[in-house]
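Just below is one structure, and these are the notes that go with it.
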Amino acid sequence: MDATTSGTPTIQYHNITDQTITAIVVATPLPTFQRQQRQCLGNSTPGEFPLSASPSIVLHVLTSCNLDPQDLAKLEATCSFFRQPANFAPDFALSLAELAAFDMCMKRAIFKPMTTEERQDLKQRCGGSWKLVLRYLLAGEACCRREKSQAIAGPGHSIAVTSKGDVYSFGSNSSGQLGHGTTEEEWRPKPIRTLQGIRIIQAAAGAGRTMLITDSGQVYAFGKDSFGEAEYGGQGSKTVIAPRLVESLKNIFVVQAAIGNFFTAVLSREGRVYTFSWGSDGKLGHHTDSNDMEPHPLLGALEDIPVVQIAAGYCYLLCLACQPSGMSVYSVGCGLGGKLGHGTRTDEKFPRLIEQFQTLNLQPMVISAGAWHAAVVGRDGRVCTWGWGRYGCLGHGNEECEAAPKVVDALTNVKAVHVATGDYTTFVVAEDGDVYSFGCGESASLGHNAVIDAEGNRHANVLNPELVTSLKQINERVVQISLTNSIYWNAHTFALTESGKLYAFGAGDKGQLGIELVANQTERVNPEQVDIDLG
């Protein structure tokens, strides 16, 4: 690297004290090596290889190595070669670092089909740099398993998506939420055949309904024909028993969906959030009928800030936003129990920044919204939880509510990469693949062997994070945990491994585990492999 043009000051050496160097005794003499000179180009001094001699090779190396946006920014900051115009298409004014970021963006399935105007709009929305666009795209892939295999433990039914985009469903089917054209339960994973040839990259499961996102940004929905109807006591009973395109979203390129009990939210590839229903009294910033089938943009603070992930709880929504200054979390909806994270229990009609993460000096990377509590994983691997602490689901050793994010001290020595929350239950996946769980395990959904007393009562509450030893015994690295997030169903849990194997445990009375139960069994205590390959 040409340090003379980088602007880096000459290093001054001062007050370096002399130290005695201990002699190293060598049994045999070391061989003598001749110093070799590197080949030079043009008029360069022998021994030098200036970067400017072949910028196209440098660009290829930067792109093929998949450097982080932060690394590209550091190259620009330390050497003028990387920040001066590179004179390459498509924009001759861009630097090598910016071009490398653009080339890596082009590798992303949701970015490549965008028009030039759409790409420029996204660039400005992210902060005016292709490095920031790349950071936005990478953040979305990391927290949502976009375009990767995934399993969704819904309320009474389950959805599994293979790495190729094929979809399987099983479990309860009273509203046609399995998408097979019937209302019969399925106890084994069954492919949704009407979707053959269509690649699915994301799935969401709610009470009696399912949503699937294709690689072209289209949305299929089936089950209850409502985006805001709760499992019980809702309006109407119309059902859709086979996948049907959501026409109202045909002009929005959707990359993620999240289903709450009274509303549904979707996220566009530009990072805009849209919501359906639950607009009465302006609970989500708009006034609509509960059966409204039209998406409404989430107004307020996030109108001009790109969002990379959304997570829906029982009556609230979390948004992970990507700003030039870093990642942040916003919340909106019902504040009961302190689950919005603002230090109060008041409702918020518009998205509001959770400021506690700045106080904790924590960069949020993954969010999860349980029915009544929430969790975040930071870049440094710390885990924060807040909201209703019933059954110990916050992992702080008690059942108290926390109205603002609080670091789980018991996980101090664990570097987390993934978190999942449900109905008073929480799972944390560590970088090494270990899994920890805490909270309510009434239906054996925590993966621990709960003690049953003489009266038959199960003592399943876990107030502090405990290693799920039953998952450690499978000798495979776990990459995703999904668990039921509903107050109306007994919970079940999926653990997906790096090789694409799926393990299930917890409640299985409707076939939602994908495993046949024998005799009068209603649950599985220990993880059992589901007969499906998601790799």
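A Cβ is built for glycine as well, from the same backbone N, Cα and C atoms used for every other residue.
What TrEMBL says about a protein is an automatic prediction, not a curated fact.
Copied over from TrEMBL, here are the features:
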- 149-483: domain 'RCC1-like' (DOMAIN)
- 165-216: repeat 'RCC1' (REPEAT)
- 217-270: repeat 'RCC1' (REPEAT)
- 271-323: repeat 'RCC1' (REPEAT)
- 327-380: repeat 'RCC1' (REPEAT)
- 381-432: repeat 'RCC1' (REPEAT)
- 433-499: repeat 'RCC1' (REPEAT)
- 500-535: repeat 'RCC1' (REPEAT)
For the repeat 'RCC1' (217-270), the number of residues DSSP places in helix, strand and coil: 3 helix, 24 strand, 27 coil
The repeat 'RCC1' (381-432) - residue tally per DSSP class, helix then strand then coil: 6 helix, 23 strand, 23 coil
Stretch with greatest number of CB pairs under 8 Å, the repeat 'RCC1' (165-216) reference, 327-380, 381-432, 500-535 candidates: 500-535
For the repeat 'RCC1' (165-216), the number of residues DSSP places in helix, strand and coil: 3 helix, 24 strand, 25 coil
Overall pLDDT of the repeat 'RCC1' (500-535), taken as the mean: 92
